[in-house]
Amino acid sequence: MINLRKTHPLMKIVNHSFIDLPAPSNISAWWNFGSLLGVCLTIQILTGLFLAMHYTSDTLTAFSSVAHISRDVNYGWLIRNLHANGASMFFMCLFLHVGRGIYYGSYLYKETWNIGVILLLTVMATAFVGYVLPWGQMSFWGATMVTNLLSAIPYIGTTLAEWIWGGFSVDKATLTRFFAFHFILPFIIMALVIVHLLFLQETGSNNPSGINPDSDKIPFHPYYTIKDALGLMFLLLVLLTLVLFSPDSLGDPDNFSPANPLNTPPHIKPEWYFLFAYAILHSIPNKLGGVLALLASILILLIMPFLHTTNQGSMMFWPVSQTLFWILTANLITLTWIGGQPVEQPFIIIGQLASTLYFLLILILMTLAGLFENYMLKPKW
């Protein structure tokens, strides 16, 4: 009997991607996050679709429609909390996925890495426009502040900002188009994910040792499907604990007040997953300089393959590179903390030092560490 899984044109694609896929035998739990991100994206699209059925993208009714979802729609509170906290889980998995890529040298698979960085930027854009939709105080002022950054672009800045707004300030037209963007972008993300996986199929997965794993591979199913299922259980446990016990702990209390253009909140700040970039933005007194540093903090990932100087693919065996990597991790946590603090001393100077160290680590120190490791490997006789 012919095995349909291996011959059917559609099932064959699924089979080669998730069942008979040859995977390195030594990949650790750090390789779980790809599948977890797929689950997060699915949760976000499904919950978002149900929320869109009840949401109205009008400045007069947006806030009350979100309240209506939470109070009157069957399980609306659950769908809304899953969507809001699902975004936090999505970014947590994203940051860990990128961190694993840096630690184990996955950025050497350039096409997969570059599509991944584009995916990161697209997800960040989607999350930003989504945060504006409830039309609370922080939604409105966050949108005003971030879109205002466009006006820092020389010559065309003001025109560009007004074009995005659809008027002379953040208003009804802005909310309507942000809802349109927030609806369409997840489907663009899905298409990019397929391209990401396509490039990954070309090279095969990386592995902790950084050594070519072709000599020792095992089928993805059942070994890694079981392993991913365990990761999925942990993800759902954390997400449901957050949603059912403390759904508003990661949000901002100001967003429980309807948007008021005449009343500025004491401290405008985005969601926690943007705080590191927000701190870098604030660390430079010049508006254009801050915007460029903000963009550079993400786009710097694109040049990582060119900054790779060591002969080793992975940091697994190199204590110097490992130390710098964990300093970078601690530095990003510090920047996240600073981003949530008011713009005053001593937070300003801490933010400036952490921002400088962020770029210094990636551009110079990690590059020098690679050269030092190469030197240490050379025979001395």
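Just so it is clear, glycine is given a Cβ too, placed from its N, Cα and C backbone atoms.
Cβ atoms under 8 Å from those of the transmembrane segment (33-53) belong to residues 69, 79-80, 82-83, 86-87, 89-90, 93-94, 96-97, 100, 182-183, 186-187, 189-190, 193, 228, 231-232, 235, 239 of the same chain, restricted to positions at least 6 beyond its ends. The transmembrane segment annotation in Swiss-Prot covers 33-53 (among others).
Marked as transmembrane segment by Swiss-Prot: 77-98 (among others).
Annotation source Swiss-Prot lists heme b b562 binding site at H83, H182. Look at H182 (heme b b562 binding site): DSSP puts it in a helix. Here the Cβ of H182 (heme b b562 binding site) has 22 other Cβ atoms within 10 Å, regardless of which shown protein chain they belong to.
Taking Cβ-Cβ distances under 8 Å and a sequence gap of 6 or more within the same chain, the neighbours of H196 (heme b b566 binding site) are T112, I115, G116, L119. Annotation comment: Swiss-Prot describes H97, H196 as heme b b566 binding site, evidence class similarity to another entry.
The annotation transmembrane segment is assigned in Swiss-Prot to 113-133 (among others) on the grounds of similarity to another entry.
As annotated by Swiss-Prot, transmembrane segment applies to 178-198 (among others), with the evidence given as similarity to another entry.
What Swiss-Prot lists as transmembrane segment is 226-246 (among others).
Summarising the annotation, Swiss-Prot assigns transmembrane segment to 288-308 (among others) and lists similarity to another entry as the type of evidence. Remote same-chain residues near the transmembrane segment (288-308) are listed as 98, 102, 105, 107-108, 110, 113-114, 117, 120-121, 124, 149, 152-154, 276-278, 280-282, 355, 358-359, 362-363, 366-367, 370 (criterion: CB distance under 8 Å, separation of at least six residues from the stretch ends).
The transmembrane segment annotation in Swiss-Prot covers 320-340 (among others) and rests on similarity to another entry. Residues 99, 102-103, 269-270, 272, 274-280, 282, 310, 347, 350-351, 354-355, 357-358, 361-362, 365-366, 369-370, 372-373 of the same chain, all 6+ positions outside the transmembrane segment (320-340), place their C-beta atoms under 8 angstroms from a C-beta of that stretch.
Summarising the annotation, Swiss-Prot assigns transmembrane segment to 347-367 (among others) and lists similarity to another entry as the type of evidence. Long-range neighbours of the transmembrane segment (347-367) within the same chain, counting only residues 6 or more positions beyond its ends whose Cβ lies under 8 Å from a Cβ of the stretch, are 279-280, 282-284, 293, 296-297, 300, 304, 307, 309, 321, 324-325, 327-328, 331-332, 334-335, 338-339, 341.
With Cβ pairs under 8 Å as the measure, the transmembrane segment (226-246) is packed most heavily against 77-98, out of 77-98, 113-133, 178-198. Recorded residues H83 (heme b b562 binding site) and H97 (heme b b566 binding site) have their alpha carbons 21 Å apart, per Cα-Cα distance. Long-range Cβ neighbours of H97 (heme b b566 binding site) (same chain, at least 6 residues apart, Cβ-Cβ under 8 Å): F33, G34, L37, G116.
Neighbour density for H83 (heme b b562 binding site): within 10 A of its CB lie 21 other CB atoms from the protein chains shown.
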